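Asks: A single structure is presented below for examination.
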Amino acid sequence: METKNYSSSTSGFILLGLSSNPKLQKPLFAIFLIMYLLTAVGNVLIILAIYSDPRLHTPMYFFLSNLSFMDICFTTVIVPKMLVNFLSETKIISYVGCLIQMYFFMAFGNTDSYLLASMAIDRLVAICNPLHYDVVMKPWHCLLMLLGSCSISHLHSLFRVLLMSRLSFCASHIIKHFFCDTQPVLKLSCSDTSSSQMVVMTETLAVIVTPFLCTIFSYLQIIVTVLRIPSAAGKWKAFSTCGSHLTVVVLFYGSVIYVYFRPLSMYSVMKGRVATVMYTVVTPMLNPFIYSLRNKDMKRGLKKLRHRIYS
């Protein structure tokens, strides 16, 4: 069989999408368009509410506004191309376009992960060490955490894309997914991917597990501290400040772990698609609702923003 390297000798890949059934393309287009618009509008409202209300200019809401921005970027990398493909017969993505999509998908997704860890640290300091909160979570420290999150994520993405660009591909160029993700693309390669899989798994463990463990450790510390609070009202107040964030963490990491922390031989296309939709589309769409429905400060900020818009 002749081996061809797609980086130089082909026009690109074909994205199979969520379903090959022609009758489902328009309904899926409508569903994902609505979800994308809800994601964009909801997260923009969160950002505007935070920046328009001085009382929300705190470390927690600084990270939340950046998380909302990253969620918009994250879904924009994937959903617009998916929407075009729903109404297109070719569903082609160029080789370079595939690598670019893969790069920004990983960069924004990993930044999301680090921002969730930063928010967990913020809650840890606020609940477990409130007297030192202003010192530990000063604006300069928060900015450094944000810059560190972005830098590590983009370096990780660059390394991964450079690794993928060295692979060769054979006759098949159909990606059984709705975007260019690592596992489906690796499955197409006719190169020896064992070393690539090992590097990807090791590097993924280092980059993704680090913020995840940081988040878990923070919440274990928070739980221990809250359980020592004598009054039930005090416990409820402490837990209520973390409930929204913890819900988002479970949704995000639950699906990420299911998709990425398995050998390539165990990868299931259909299950992988469903789990990927959860953290790439559903979670970013739900985040504004999760963070605002039970948050009095956010409700006040959104109400204030609404009065400004209509006044």
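Glycine is no exception: its Cβ is also placed from the backbone N, Cα and C atoms.
From Swiss-Prot, here are the annotated features:
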DISULFID  CYS98-CYS190  disulfide bond
CARBOHYD  ASN5  N-linked glycosylation site
TOPO_DOM  1-26  topological domain 'Extracellular'
TOPO_DOM  51-58  topological domain 'Cytoplasmic'
TOPO_DOM  81-101  topological domain 'Extracellular'
TOPO_DOM  122-140  topological domain 'Cytoplasmic'
TOPO_DOM  160-197  topological domain 'Extracellular'
TOPO_DOM  221-237  topological domain 'Cytoplasmic'
TOPO_DOM  261-273  topological domain 'Extracellular'
TOPO_DOM  294-311  topological domain 'Cytoplasmic'
TRANSMEM  27-50  transmembrane segment
TRANSMEM  59-80  transmembrane segment
TRANSMEM  102-121  transmembrane segment
TRANSMEM  141-159  transmembrane segment
TRANSMEM  198-220  transmembrane segment
TRANSMEM  238-260  transmembrane segment
TRANSMEM  274-293  transmembrane segment
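Thinking about packing and proximity, how do these listed features fit into the structure?
Replies: CYS190 (disulfide bond) counts 16 other C-beta atoms within 10 Å of its own C-beta, drawing on all protein chains shown. In the three-state DSSP scheme, CYS190 (disulfide bond) falls into the coil class.
Restricting the average to the topological domain 'Cytoplasmic' (51-58) gives a pLDDT of 90.
Cβ atoms under 8 Å from those of the topological domain 'Cytoplasmic' (122-140) belong to residues 59-60, 62-63, 218-219, 221-222, 225-226, 238, 241-242, 245 of the same chain, restricted to positions at least 6 beyond its ends.
Residue counts for the topological domain 'Cytoplasmic' (221-237) under DSSP, helix first, then strand, then coil, are 13 helix, 0 strand, 4 coil.
Proximity of distant same-chain residues to the topological domain 'Cytoplasmic' (294-311), defined by a Cβ-Cβ separation under 8 Å and at least 6 residues beyond the stretch ends, is recorded for 45-46, 48-50, 52-53, 55-56, 61, 240, 243-244.
Within the chain carrying the transmembrane segment (27-50), a Cβ under 8 angstroms from the stretch's Cβ atoms is held by residues 18-19, 56-57, 61-62, 64-65, 68-69, 71-72, 75-76, 79-80, 82-83, 86-87, 281-282, 284-285, 287-289, 291-292, 298, 301-302, 304-305, all 6 or more beyond its ends.
Long-range contacts of the transmembrane segment (102-121) within the same chain: residues 60, 63-64, 66-67, 70-71, 73-74, 77-78, 142, 145-146, 148-150, 152-154, 156-158, 160-161, 164, 179-182, 185, 207-208, 210-212, 214-215, 218-219, 245, 248-249, 252-253, 256, 279-280, each at least 6 residues beyond the stretch ends and with a Cβ under 8 Å from a Cβ of the stretch.
Panel annotation: around the transmembrane segment (198-220), residues 110, 113-114, 116-117, 120-121, 123-124, 152-153, 156, 159-160, 163, 182, 186, 242, 246, 249, 253, 256-257, 260-261, 263 of the same chain, lying at least six beyond its termini, place a Cβ under 8 Å from a Cβ of the stretch.
Long-range Cβ contacts of the transmembrane segment (238-260) within its own chain (Cβ-Cβ under 8 Å, at least 6 residues beyond either end) map to 109, 112-113, 116, 119-120, 123, 126-127, 182-183, 204, 208, 212, 215, 219, 222, 225-226, 229, 271-272, 275-276, 278-279, 282-283, 286-287, 290-291, 294-295.
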